[in-house]
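What follows is a short report on a single structure.
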């Protein structure tokens, strides 16, 4: 019934107009699972490898025909006839077939596309939603959204060094109310930026990308928008940052090009602690560079008891790197990006390890996305309590929010919104 009879890979476009991989997995009973693979702009050096063609005469070298050929050829040859219910074994076969530590030969984009499509096909075969198939009967928690409403860094053409300024509607009673809160703040922010003479073009993740001089300026606009929209900062809505500090870490220091300032490792830790003291910031992602291990420890020691410190480039959804961070007291949370590691099995293992160690986990999109909403289901399946999937604009972002609305409606009275319980500092 659930034997794999066909695997079809194709090249499609992501939200930035770059090629990416889409995969259909067809089962013996006619069930079909489809998955499209995202792509990042600020990528960690330790991520699994995204296979690109390198032919400059086609899509500027970013084509994914090699990955598609691997899907339709070598990978299908190995997986054809296997049972789609055997997710772990299927993922293990692909990892072994690739034979490299970072999936560089066949490509994490090829392997992930199949891995996710297999799970979706199996869920379809059982006539179950994906969150229920992956998460079982306990999957019922709707995540607090981290809504990226001001973009900077690698996600926008403006002087702001930090990559994302986010709102978290922790005070809402339901996911649908949280989404409404975020949307109202988003539109209020647009009006406030316009009034102040700033452009309201949006960045890669749907947030605004105004020419603001500093993080303080961006945070002040967000605070004003929250209040003007009728909500209380620090009570109804909290703030979160993604510094993406690896991008401006040079020669052992943090170089703020937009502010024309350089901060030492200790100054960076103190600066972030100061921001968290002056604003209702409850989560800071990648506040230190991916290889600045001393900096991560210092930051965790200073603010880790009061603030969620999320490792993205630091951990790259990799259990080996996460285990090292847990052992050495670096960060207290992990960002979960399926394409950083390349299989569903390894993704779920990272969430499980984090939860067992008392770390939180945040399910996340990438800046180059598609209409695929798999991560919405995975957020509920893992009961991780937080999701980061962009702003309240662009269909590649709202597709995930809309899927969460559907899931909440389907769960009915069983649905539970994570709210303040998602963040240890607010419990």
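Each residue, glycine too, has its Cβ placed from N, Cα and C.
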Completion exercise
Per Swiss-Prot: (2R)-2-phosphoglycerate is bound by 163, 366, 367, 388, and from 194, 195, 337, 420 the site also lists 337
Problem - According to Swiss-Prot, which candidate in 216, 220, 301, 312 joins 242, 285 at the Mg(2+) site - result: 312
Completion exercise
Once DSSP output is merged into helix, strand and coil, residue 285 (Mg(2+) binding site) belongs to strand
Exercise for the section: Provide the three-state secondary structure of residue 242 (Mg(2+) binding site) computed with DSSP. Expected result: strand
Completion exercise
Among 163, 337, 366, 367, 388, which the record lists as binding (2R)-2-phosphoglycerate, the farthest-apart pair of C-alpha atoms sits at a distance in angstrom of 17
Fill in the blank from the handout: DSSP says residue 312 (Mg(2+) binding site), in three-state terms, is coil
